[in-house]
């Protein structure tokens, strides 16, 4: 299977921010799983549309945008066909809902419609689209949107900068993060608890875990409240750098101060104890999380059953799953059952189509997250064709593939020893306008390490630096190992 053909066939072209004077806007309306094109200037047919008050349309569009987006878009089409236009608040909710669903083309079309026909978009509308672009790793398009925002005379606010800081910190873009912090300071925007939490994550991901602990002391001196996200960041920081005893101390301190752990807290504790092979504590935290009434994260469940599967402890896996069912985790039970079968002894659901069909039969609500989890499960088993099938099925269900999914594909091909196809996926990420993040680069470096193409490891590392991504510890270690091997071979690269 040629990965380049697969990804070029099944992924959309990159977003293009249209000029101000573009023609009539056409956006997509999804009804009963189909995509129908709707024109913003549709003719009025009095026989097909029952007269309805403007306020009723507008109110229902806003109330359903977060829960039933297809219904809201249908109401928008009917409203415009009746010659009416939604309010600024309704536009904001629709743009935000579309962007968060990964449907940035449609969100962009609505913003452009506002710029052409009114009402005039404000910071809330630009921020809603910016959030979607950053979430799908379209950093260059996000930069263009910021320029357009300035050209339209719309000032950036705290929300704008916090979105940028969060995206840059997650992508490992240290210089860009410092720029955002400098801009916030210059404009007199002080960091709040959420901002400090992003800084903790930034220090964590760039090997500065001691600075992360110093930052928390600074927060306490300034009277900034420590919330669950700050504690989660500290636990994750200590866990990442092997300081698990300190991570458990932070967890105990957190509970002593009356702050209730959330799903991210448990995920961090489980992840890092599982990573070092401490399955006794891993399963203890896993059980405690369920006793708190929380659903296990499927990604974490993959990690646990993978570790147990490597040790041949299938009875332990079955015991875990039965315990979850007994606690009433019916809503996500189908997902976990499929994961168990993917890893199981009998090879059930080895075909992605059967897997998705099984989830649908259980009335499981499909989401981009579920597709990514399943693709990851197949990737870890080296079933790269099935990972590609998950990508295709994801698009058929109306979800736009994101950077997380494409990173998983690189990993799948790398695990299978197919470095050329992994490189093709990486090239597609760049061609489609997405900005590779630290995970993208380190996964590709790992692929070339497995293929023993050590000179390519150095090339990817240098490209990562040129692209503004700050290499993490894993990337630096791989570069060091590759350089030693090349020196031993007498290669100067």
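Our numbering is plain: 1 for the first residue shown, then up by one each step along the chain.
Yeah, the Cβs are placed from backbone N, Cα and C, and that goes for glycine too.
For 87-121 (among others), the entry in TrEMBL reads repeat 'PPR'.
What TrEMBL lists as repeat 'PPR' is 157-191 (among others). Same-chain neighbours of the repeat 'PPR' (157-191): 123-124, 126-127, 130-131, 134-135, 137, 139, 142, 146, 149, 198-199, 201-202, 205-206, 224, 435, 437-438, 468-472, counting only residues six or more beyond its ends whose CB sits under 8 Å from a CB of the stretch.
The repeat 'PPR' annotation in TrEMBL covers 192-226 (among others). Helix first, then strand, then coil: DSSP counts for the repeat 'PPR' (192-226) stand at 27 helix, 0 strand, 8 coil.
Feature annotation from TrEMBL assigns repeat 'PPR' to 227-261 (among others). Within its own chain, the repeat 'PPR' (227-261) is flanked in space by residues 193-194, 196-197, 200-201, 203-204, 207, 209, 212-213, 216, 219, 268-269, 271-273, 275-276, 278, 292, which lie at least six positions past its ends and keep a Cβ under 8 Å from the stretch.
Same-chain residues lying 6+ beyond the ends of the repeat 'PPR' (262-296) with a Cβ under 8 Å from its Cβ atoms: 228-229, 231-232, 235-236, 239-240, 242, 244, 247-248, 251, 254, 303-304, 307-308, 320, 323-324, 327, 329, 331-332, 336. The annotation repeat 'PPR' is assigned in TrEMBL to 262-296 (among others).
Residues or ranges marked as repeat 'PPR' in TrEMBL: 297-331 (among others). Counting only same-chain residues 6+ beyond the ends of the repeat 'PPR' (297-331), those with a CB under 8 A from a CB of the stretch are 263, 267, 270-271, 274-275, 277, 279, 282-283, 286-287, 290, 337, 339-340, 343-345, 369-370, 373, 376-377, 380.
Taken from TrEMBL, the feature repeat 'PPR' covers 367-401 (among others). Using DSSP to sort the residues of the repeat 'PPR' (367-401) gives these counts of helix, strand and coil: 26 helix, 0 strand, 9 coil.
The repeat 'PPR' annotation in TrEMBL covers 402-436 (among others). Helix, strand and coil content of the repeat 'PPR' (402-436), in residues and according to DSSP, is 26 helix, 0 strand, 9 coil.
Beyond the repeat 'PPR' (437-471), the same-chain residues lying 6 or more positions past its ends with a Cβ under 8 Å from any Cβ of the stretch are 137, 170-176, 205-206, 403, 406-407, 410-411, 413-415, 417, 419, 422-423, 426, 429, 478-479, 481-483, 485-486, 491, 493. Residues or ranges marked as repeat 'PPR' by TrEMBL: 437-471 (among others).
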